[in-house]
Amino acid sequence: MQNTAKKATLPATALAALGVVFGDIGTSPLYALKESFHAAHGLGIQPENVLGILSIIFWCLMLIISIKYVAIVMRADNNGEGGIMALLALNLRKAKIADNKKIYMIAIGFIGASLFFGDGIITPAISVLSAVEGLSIATDVFDPFIMPIAIAIIVTLFLVQKHGTAFVGKFFGPITLVWFLSLGILGIHSVIQTPVVLGMFSPHWAIQFIYHHPIMTFFVMGAVVLTVTGGEALYADMGHFGPVPIRLAWFFVVLPCLVLNYAGQGALLLRDPAAIENPFYLLVPQWALYPMIIMATMATVIASQAVISGVFSLARQAIQLGYLPRLSIKHTSESEEGQIYVPFLNWLLLIAIIILILIFKTSSNLASAYGLAVTLTMLCDTILVAVFIYSAWKWSLPKVLLLIIPFFILESVLVGATSLKILSGGWVPLLIGAIAVTILMTWKRGRELTFAKLEHDTLSLDLFVKSIGNSVHWVPGDAVFMTGTPNVVPHAMLHNIKHNKVLHQRNILVTVVIEDVPFVAPEERITTETLAEHFFRIKIFYGFKDEMNVPKALLQAYEQLGLEYDLMHISFFISRDRIVHSVGDGMSPWREKLFISMQRNTSPVSDFYQIPTNRVVELGSQIEI
């Protein structure tokens, strides 16, 4: 019966995956082929060039998406979860690499994650602009309004984020299915008129194009890469839908419809080279133009929503793994744990997208900024997957290299091709990536220095417990001390003794530990230890995708210790650390200032761990790093 249920839900899950996983790659036909014949390339629209570029597009889709991501990368899962942060956490756990060498792997993961943040800015801008630009095909009247309409759509999209997308999300899959079927039908209609375009499936057209235009190929590849945007999404969303529905949707709906549409656009160019102005919308019959513009706008909004949700999810993973400062995270759905809203990131993305639209003005101009982010992220994935295959699958090094080198070479060529556009827009993802990497690395290093200082300067907990005796006054109730260093006395406890001259009858030291897995089983959530008559140590283990609720976890811990649990009789003591600069080894002064600024603006511990505010006592302390 269970297998039957699974089979029954598989098509439904694949349909849901369409609206989340494939929105980005599904909107590429709006601009990708047009950019391949950009006037700056000086490439004539002759049949051999059209077939050559179409062949390159087809084989890039097959090699990068079908083989690399669908067949290989999606097997590198972290307890069912995918995405570059999950892969990094998995490699840090599995790979036998010296600690001083792990920094290089962390850096690669950080670069890939940072570029994905950049993708969250560029994708909504280029997608929505390219959809709205269809209005200029219908009439010139709309030309002055294209940018304002695009910005209005983007603003509306971000305004509704705080309300969640649980309700409208039900329609994303069906709408995206209609979109893909529309792509396929438009393509078939055009291919029937010019069937010679089907020669694109033969690799000899791609090889011939590369042979006759080696330098031009390099420039063209910078635009062809736009056809494989969103490959990372297949992997990143694997934990939400599972690999089988994603593969099913790709091979039976997405890939055929994309290929047919690119073939249809190519067939149109063979019939009418002037259609290069906008081959996607000129493929559409005049009577269907406005409905198609509406459909394209909905598809691009859905694609943008998927990327925004992906950025929120990635940020939460980075926060829980200790790579980003605590940010306020709101849950927008009672039934879907993954539906979250990060206010700070929401407004940051909105402002950045509007600035991007105002600077670049058209989707063609933005295409230069888009490609570099995509190719560098792919290259980071390839390197981390190679480490995974070597360490987790125990493949020999020659075998790993034989599998990975072809992808590495192809993606290195794509990186090189898109790097030529740094001055015309490629600087955008590089700038965003550099800022994000700096933040990630600075926060990670700052935390390491802070914890090292706490370990060094604070009393040993075991020594303190043995020596405390009756030298303090004991008061009724429970005191929970949140601490990141479980083997030393928390600053908050020392300050409580110093200022209040008391300790509670039960003093419970709680440390939250984030594991390198997405979820921790409930039975493995808690470890408890009785240190002495009045002292207990509790460790709460979470995965990097778990929702953290300390009061709920404490109930389980109290049961293990055989203690009576009453939240209204528990005081949570939290140390509010004030980080100050000190002379000596550590970070450069500007990084210390950045870390101190981030530390001061973190979300309160009580909010992050869902501790009732009226049960919290905050005590300040100063730490020099």
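Using the three backbone atoms N, Cα and C, a Cβ is placed for every residue, glycine included.
Bear in mind that the values here come from a model prediction, so they are computed numbers and not experimental data.
These come from Swiss-Prot:
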TRANSMEM  13-33  transmembrane segment
TRANSMEM  53-73  transmembrane segment
TRANSMEM  103-123  transmembrane segment
TRANSMEM  141-161  transmembrane segment
TRANSMEM  172-192  transmembrane segment
TRANSMEM  206-226  transmembrane segment
TRANSMEM  250-270  transmembrane segment
TRANSMEM  282-302  transmembrane segment
TRANSMEM  340-360  transmembrane segment
TRANSMEM  369-389  transmembrane segment
TRANSMEM  400-420  transmembrane segment
TRANSMEM  422-442  transmembrane segment
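Away from its own ends, the transmembrane segment (13-33) comes close to residues 53-54, 57, 65, 123, 126-127, 130-131, 169, 171-177, 179-180, 183, 223-224, 226-231, 233-234, 237, 240-242, 245-246, 248-250, 252-254, 258, 261-262, 265-266, 269, 279-280, 296, 299-300, 302-307, 309, 363-364, 367 of its chain (Cβ-Cβ under 8 Å, at least six residues beyond either end). Sequence-distant neighbours of the transmembrane segment (103-123) (same chain, 6+ residues past either end, Cβ-Cβ under 8 Å): 24, 84-85, 87-88, 91-92, 95, 97, 229, 232, 236, 303-304, 307-308, 310-311, 314, 318, 323, 349, 352-353, 356, 366, 369-370, 373-374, 376-377, 380-381, 383-384, 387, 428-429, 432-437, 440-441, 444. Long-range contacts of the transmembrane segment (340-360) within the same chain: residues 120-122, 124-125, 129, 147, 150-151, 154-155, 158, 161-162, 164, 308, 311-313, 315-316, 327-332, 366, 369, 425, 428, 432, each at least 6 residues beyond the stretch ends and with a Cβ under 8 Å from a Cβ of the stretch. The transmembrane segment (206-226) and the transmembrane segment (282-302) are not in contact, since fewer than 3 Cβ pairs between them lie under 8 Å (pairs 6 or more apart in sequence). Within the same chain, residues 14, 18, 22, 25-26, 28-29, 32-33, 37, 45, 47, 50-51, 53-54, 57-58, 61, 65-66, 70, 177, 180-181, 183-184, 186-191, 193-198, 200, 227, 234, 276, 279-280, 282-283 sit at least 6 positions outside the transmembrane segment (250-270) and bring their C-beta atoms closer than 8 Å to a C-beta of that stretch. For the transmembrane segment (282-302), the list of distant contacts is 19, 23, 26-27, 30, 124, 127-128, 130-132, 134-135, 137-138, 153, 157, 172, 175-176, 178-179, 182, 186-187, 190, 261, 264-265, 268, 272, 275: same-chain residues at least six beyond its ends, Cβ to Cβ under 8 Å.
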